[in-house]
Amino acid sequence: MKCIFEIPPSMHVCIITVSKACRVTSLIPFYVCTVLTVHFNGVKLIVETTESSIFAAQGGNVTLPCRYHYQPELQSPRRTRVKWSWVPALGGRELDVLAAIGHRHRTFGAFQGRVRLLQDPPGEASLVMGELRTSDAGRYRCEVIDGLEDESAVVDLELRGVVFPYQPSRGRYRMNFSSAQKACEEQGAMLATFDQLFSAWEEGLDWCNAGWLADGTVQYPITASRTPCGGQDLAPGVRSYGARHRRLHLYDAFCFSPSLHGEVYFLQHPQKLNFTEAVQACEEDGSEIARVGQLYVAWRFLGLDHCDAGWLADGSLRYPVSTPRPNCGLQRPGVRSLGFPTQHQKYGVYCFRAP
């Protein structure tokens, strides 16, 4: 578009081309310009994506939709530049993912080798991502640039997963913020966000111990109000202690484990195993001993149901129940925990095998 600036006849006239709005930040010395009119070319660039979040599984592939067109439609295609950028789910600055002009493209940072652009038919600018990681969750921006015109649309990518409470073998309320982060990572997970914990509460998660979240706050979900958990007169909900000192204050953790590609199974072994034997038995079966997050995902999304307690990688003893029945603990679905027995005791083991 053009902005035409008019001044008295005794002075000069300047014409400046700008995008979106007419702004003058600097002019040729001694030239004085005032805005008179703005001329548009009458063609509008429109970029569209889905309003709903896109859900995907860790290790899998996903396509983030993006299309663009013009109103009115153009008679011949124009040369455009497409740029994808990303803001992580845990916050931070916007980072470049991919930039493309025609069939030439460049990828950036941790996305190199894992992303590509769909460009057929005309107007297609969707982003294909592979080998998804936990850290890929967040808000993605699809920006289309045509000369000095640009428009964009955003889409949220969420990794489908499960929230679970976690405390280490040392017992309740022993972790500061950084040790809680590390504990979740060791279990194939990450600290949950408030939105993830809130969704888990809506689905029935009830836990009376307070735990760290990714934003540095400490909260816990209650579906059945009771005296030890804020009082019987307090309505169900997510209780909050607010932001705590990340180094000095000690709590448990709420971890989020995204759904994964692979299989968690109870190893059918002729004899019970101590912890060291359990690790070795999984390796001999072409697998590895399962982590807590992997067991929760297998229970939540794959319907894993087994009433025998088994070792996990952190030295805890747990088992998943999808269909409650006598002799399998509480009369509701969930992952049962028997704590952290001494590692010379004999039990079964849960293994994880990647595809």
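Backbone N, Cα and C atoms are what each Cβ position is placed from, and that goes for glycine too.
Per TrEMBL, the feature disulfide bond maps to C208-C229, C282-C351, C307-C328. Taken from TrEMBL, the feature domain 'Ig-like' covers 29-155. Summarising the annotation, TrEMBL assigns domain 'Link' to 162-257, 262-353.
Long-range C-beta contacts of C351 (disulfide bond), restricted to its own chain and to partners at least six residues apart, with a cutoff below 8 Å, comprise V264, Y265, F266, L267, A281, C282, D285, S287, E288, I289, A290. Close to C328 (disulfide bond) in the fold, though at least 6 residues off in sequence, lie C307, Y319, V321, R336, each with a CB less than 8 Å from its CB.
The most densely surrounded of the disulfide-bonded residues C208, C229, C282, C307 is C282 (count of other Cβ atoms within 10 A of its Cβ). DSSP assignment over the domain 'Ig-like' (29-155) gives 6 helix, 64 strand, 57 coil.
Taken residue by residue, the domain 'Link' (262-353) breaks down under DSSP into 21 helix, 25 strand, 46 coil.
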